[in-house]
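Heads up, the thing below is written out as structure tokens.
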Amino acid sequence: MKERKVIIKTGLNLENSYASLPEIFFTRQSPSRIPSPKLAVLNYPLITSLELNAQVLQSADGVDILAGNKTPEEAIPLAQAYAGHQFGHFTMLGDGRALLLGEHITPLGDRFDIQLKGSGKTPYSRGGDGKAALGPMLREYIISEAMNALGIPTTRSLAVVTTGESIIRETKLPGAILTRVAASHIRVGTFEYVSRWGTVEELRALADYTLQRHFKEGYDKENPYLFLLQEVIKKQAELIAKWQLVGFVHGVMNTDNMTISGETIDYGPCAFMDVYDPETVFSSIDIYGRYAYGNQPNIAAWNLARFAETLLPLLNIDPNEAIKIAENAISDFTKLYKNNWLSGMRAKLGVFNQELEDEYLIEDLLSIMNKYGSDYTNTFRTLTSGNIEDTVLLGKMEFDKWYKLWQERLTRQEESRLSSKQLMKSSNPSVIPRNHRVEEALEAAVKEGDYSVMEKLLDALSKPYAYSKEQDYYSKLPEPSTCPYQTYCGT
């Protein structure tokens, strides 16, 4: 299909450095033309931070670009190739319904991938139609923006455009295209792909590109590829700890969904935990709980081991020595993760300094929450506000004992109680994207064309650490249900 190149002053300043890699890494592909694009959502704060032109983006020409009907003159649309371990099984993948337009360079020199998701078939579609449904695209928009507001590294959503098409899933659904913004779309699965089907020279090209893109200081190191591995391990240790601290369950931690940049990607079957339970699973296809909340750190370590395996030819010419180097690096993950998690949990309890018994204090609270079915977010919200009469734990012997120990712990630090409360307020969100509130917003938007519910939800989620009466509606738990909440891989 011939590309419809245009010059439209959207503010996009595109380069195409990924296209300079060997062609094994991508296939050039034009977006499919869609019949009737309409703008559903536009992310004005993100537009401002990227210094794009909102007025042009919401014009007919701008919407055509967001829909893939027109292509910016500097763009080189391409589908990226990658592989991945899905639920532990290795398979060939690739962008089956997404196209990278290029990399937007901000006036400050920052580089961001601009990707259209749901833009049509590619050579990696594996029999799929390359399309996306409106509901899952709006869901990714909501959750990714909530994650960003929570301070968790994430891909962002610039816009959602409806296509005017009906796509066939279990039923007919309205089609949509999401414009995703990311530090990059390089994945552990990208390295697995070239490790399996490429040459060592092509592997080195990807590693060098990744260093240049994300870890430039690595060039000066004695072993740049070891530095690359170590930095990715650090970033993932920080990321997974942040997930755990807010009760986020990704749901599909396949290696193709682990970014080298350390951003959260793919919001298909994700959800936030209500009642605290380490075995929490939302994904309808995760029947054995591989990606349960409590197992996410272990899965991250497993994924990183797969990444390390791909780098073995670059780490040392001696295979045995390369394995030792990789194993030593991977062994650091558990300690790095635990340090990040403990630091975050101390902050959630208003604790500034370290004591050896802190971990026991934290684990005891979590155990009590699990025993009595206490809501994860609201328990910390209640401890922060001081209204402990609002928690189901009040009056439980274990909690009353724990609460006394916690108060004693706070007295053993120099910082004031006011300082502790301020630390807790900045560490414990008052509002998260509760599953029932997200579904409420999606139903209004998709079925009724009413985006006001979603707009109000997004406004609340943009201020997660604001403790106000306006947030109360979004902090309420769902009504008891006989059916556990389930998510699906729609995105």
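Start at 1 and count along the chain as shown; that gives each residue its number.
Cβ atoms are placed via backbone N, Cα and C, with glycine included.
Within 10 Å of the C-beta atom of Arg97 (ATP binding site) sit 21 other C-beta atoms, taking all shown protein chains into account. According to DSSP, Arg97 (ATP binding site) sits in a coil region rather than a helix or strand. Here Swiss-Prot flags Gly94, Gly96, Arg97, Lys117, Asp129, Gly130, Arg180, Arg187, Asp266 as ATP binding site, drawing on sequence analysis.
Annotated active site, proton acceptor per Swiss-Prot: Asp256, in sequence order, evidence recorded as sequence analysis. Its Cβ placed at the centre, Asp256 (active site, proton acceptor) has 24 other Cβ atoms within 10 Å.
Shown in sequence order, Gly84, Arg187, Gly189, His250, Ile265, Asp266 are the residues of the chain, 6+ apart in sequence, with a C-beta less than 8 angstroms from the C-beta of Asn257 (Mg(2+) binding site). Residues annotated as Mg(2+) binding site in Swiss-Prot: Asn257, Asp266.
For Gly94 (ATP binding site), applying a Cβ distance below 8 Å and a minimum sequence separation of six or more within one chain yields Ala79, Gln80, Ala81, Tyr82, Thr122, Pro123, Tyr124, Tyr193.
Spanning the residues Gly94, Gly96, Arg97, Lys117, Asp129, Gly130, Arg180, Arg187, Asp266 that the record associates with binding ATP, the maximal Cα-Cα distance equals 23 Å. Rounded to the nearest whole angstrom, the C-alpha distance between Arg97 (ATP binding site) and Asp256 (active site, proton acceptor) is 15.
Asp129 (ATP binding site) and Asp256 (active site, proton acceptor) have their C-alpha atoms 20 Å apart, to the nearest angstrom.
Counting only same-chain residues six or more apart in sequence, the Cβ atoms lying under 8 angstroms from the Cβ of Arg180 (ATP binding site) belong to Ala98, Asp113, Ile114, Gln115, Leu116, Lys117, Glu140, Thr155, Arg156, Ser157, Leu158.
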